Amino acid sequence: NIHWNPPAHDGGAGISYYVIEKRESSRVSWTGVESHVEGVSYKVNKLVPGKEYIFRVAAVNKFGVGEFLESEAFVAQNPFTVPAAPSTPTASCVTGDSVVLSWERPETDGGSEIDGYILEKRDKEGIRWTKCNKRRLNDLRFRCTGLSESHYYQFRVMAENAAGVGPPSEPSEYVKVCEAVYPPGPPVNLKVTDYSPNTVSLTWSKPIYDGGAAISAFIVEMKEASEEEWIQCAGIEDTNYTVKRLRENVEYNFRVSATNAASVSKHAGLPGTVVTAEKLEAPEIELDGALRKIVSVRSCSTLRLFVTVTGRPQPEIKWSKEDDVLSERAQIEVTDSYTVLMIENVKRDDTGKYVLTAENCSGSKSAFINVRVLDSPSAPTNLQIKEVKRDCVSISWEPPLVDGGAKILHYIVEKREEARKTFTSVCNNCGRNSYKIDGLQEGCFYYFRVSAVNEFGAGLPAETAEVVKMCEVPLPPGKITLSDVTCSSGRLSWEKPDNDGGSRITSYIVEIKAKEDDNWTMYSESKAVTVTLNGLARGREYFVRVSAVNEKGKSEPKCLMTPVVFEDSSAEPVFNLLSNAFSVRSGNDLKIDVPFRAVPPPTVVWKKDGKLLKETCRVNAHTSDTSTQIIIKDATRIDVGVYEVCLANSAGSASAEIHVNVFERPEPPTDLSVDEVSADFVCLSWQPPQYTGGCQISNYIVEKRDTSSTAWQTVSSTVARTSIKVGRLTQGSEYQFRIAAENRYGKSHFVESESVTAQYPFRPPDQPNNVRVVNASKSFIVIAWSMPHSDGGSPIIGYHVE
């Protein structure tokens, strides 16, 4: 099972799927495992056990395949081993044809859970081990039957897990198969379970060895520590017994023996003595599973908390309620072994944490139980009138402090005219914490209330504290702003009132007053929330205020905080650009924001590469009083260039150039050529891509392929130059080469070469001409010849003379 994380960069497009390949570590070629995996994990099957493998994964988007991520090498084998050997089997319950074998688990299971055991036997007169069980054993004990009487047998056991069968245990001692003639072993684990001034309770376990016959009874004996003689108390079949009628504050010894059909076992003595006295135990409180969780009870039903309490002497029981007083309706019952708290007709106030305390002379113990009474919710909180209009009101509220132990399902909204005594429903299933109440009568007075509803019903209502009048004069206008101030004019604007008084605003009154005057003069009255102030004296200070008017009257005026002075404040455009270069990954959006300062606001013109920028559904320009911006969605290579923004107003003009670059993976290299061919190497060269993807080419990837195969092999993935010598070729084989360019944003498509055969570009030379003897003696001969007609395309480097 292999798993990986998605790439840190998805190439600007979503990951479509993944490609998985594998190879044996002893091989160099990769083979496909799966070519279309949509998840980030995969289970690889059909591996050869014991082989070492390496895996690699690559992500694929709409632009192509990314780089591969390789795994470490590992061997295909189980991560666990066979278990160790169990303990040596021990024999018991021997009969004329059977014996019971038991053993202990292995010290280690090999990392895989043990599936079972295999038990084998061997006759003393034979040499072969044979299986005792036909089916795999799951227990640590097995009765082996079908044995020959009076024969001696040896036994051994093996454990098995998912990896196979482990080594056998040490063989047991030889066991003679015959009817029981031996006494049983002594009982084991004899101990005291309880005591009092007159009794002692004992318990024990059956003997490990029963002598070959079933245990028929157990004999219990006692004696005072100061006496020598043992007294038999009982002969019983059970493995526990309570000795009664003992003397108080006396030390006693106890022992138990077992009997079978053959004889009586040795005694099993109780270590030390037992003093008959009152047993002291600290209190213990046992809460069942239901009480450990939150106890939910319906309103008006009965709450009953039953808790088991133990301790000697009997502890004193106390019930209380944390951070509150226990209800007077609570009824408490206490016995030797339990206590009960019961409250009938529970109410919402009974919700809380109930604390139980048990205390005696040996200590104290406390426990708590959380109780939740399921009831209708309390009233909603913070009910407010948010907006009042002529015939409607908007109200809002917050959820109740107490939800009644269940989720708030919805709210009930009601209204009441002041002249009436009853509320009428407006909405019975409001799912939000606000509501707009329509259809109200203009000029009337209303009260409103809201109730929360859960699965147990509607809770108490929250009611508006004051009556709501449906029509009144509006509140003053909101914030007043003065802008575009020149030597003779300015633009005054304001926000609408928070409340229109229950009737729509019919107009706004603008009043002005010179600083030295005492009286206000009305300047204008209109429905618009803006007005241009003209005709005022230059350099003189004026105060301005605005009032809202509806059909019931005029609001209180809202004043502009600072006096108005009309002076020439025009300014030519100035850019506040931090940078004039912007870059974006191909496929992403680019936002170019150009802040500026200019009074009055300028006209804006955008250009690209000297031409007016054409706005499309993908390229849009937006301008405000303080900035202009263009937004390019899904940027591509065509968006690369020089952008120019031009600003102009009455005070002057300015322009700024902005360079935009789009990053993406490059185009393939160009002009791939084979420059030289030999028997074992080929020299290749190429030209860089025409488009590098907006950034520098980091390297080239060169691959080769024997034309007799479809698999490409990497020659080098880190070529920095535009040429390479590809060696280690096989003479006479035909090859094809391909090259891709890579930058920081990805790898281009490959450009492929023509097929090339690895061989020398020349042939053997012709034979020399005119071979002749030019001199001779007793000890030597001088011969001469002429050069061959053709050297085969390569200079002659020597001659052979025979």
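Placement of Cβ uses the backbone N, Cα and C atoms for every residue, glycine included.
Because the structure is a prediction, the values reported are computed rather than measured.
Sequence annotations record features per position, and here TrEMBL assigns domain 'Fibronectin type-III' to 1-79, 85-180, 186-282, 379-473, 476-565, 668-761, 767-802. According to TrEMBL, the feature domain 'Ig-like' maps to 271-372, 573-661.
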May I ask whether the domain 'Fibronectin type-III' (85-180) has at least three C-beta pairs under 8 Å with the domain 'Ig-like' (271-372), counting pairs 6 or more apart in sequence?
no
Ranking 1-79, 85-180, 573-661, 668-761, 767-802 by Cβ pairs under 8 Å to the domain 'Fibronectin type-III' (476-565), which is first?
573-661
Contact ranking winner - 1-79, 379-473, 573-661, 668-761 against the domain 'Fibronectin type-III' (85-180), Cβ under 8 Å:
1-79
For the domain 'Ig-like' (573-661), what does DSSP give as the number of helix, strand and coil residues?
3 helix, 56 strand, 30 coil
